[in-house]
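Student: OK, Swiss-Prot features for this one:
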type: TRANSMEM; residues: 5-25; note: transmembrane segment
type: TRANSMEM; residues: 51-71; note: transmembrane segment
type: SITE; residues: E55; note: site 'Reversibly protonated during proton transport'
Amino acid sequence: MDMKLLAAGIAVLAGIGAGIGIGIATAGALEATARQPEASDKIQSLFIMGAGLSEATAIYGLVVSIILLFVA
């Protein structure tokens, strides 16, 4: 097996962490909205910002894996 493929596969694992993180954050946001519906606007904006930051790690992993496959 080529080491580039192994390294790219390991870099893609960042997507798993991002998926788990966004899932946990979504569950927390839904629970918080259910407890305090009047604060749903603030909860939603904070959730979207946090989900974007969490998704950035998955995008970085994808970029690294593409670089490893095609450049390295």
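In case you wondered, yes, glycine gets a Cβ from its N, Cα and C as well.
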Student: If you count Cβ atoms within 10 Å of the Cβ of E55 (site 'Reversibly protonated during proton transport'), leaving out that atom itself, what do you get?
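Tutor: Its Cβ has 15 other Cβ atoms within 10 Å.
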Student: The transmembrane segment (5-25): which same-chain residues, six or more beyond its ends, come within Cβ distance under 8 Å?
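Tutor: Residues 47, 50-51, 54-55, 57-58, 60-62, 64-66, 68-69, 72.
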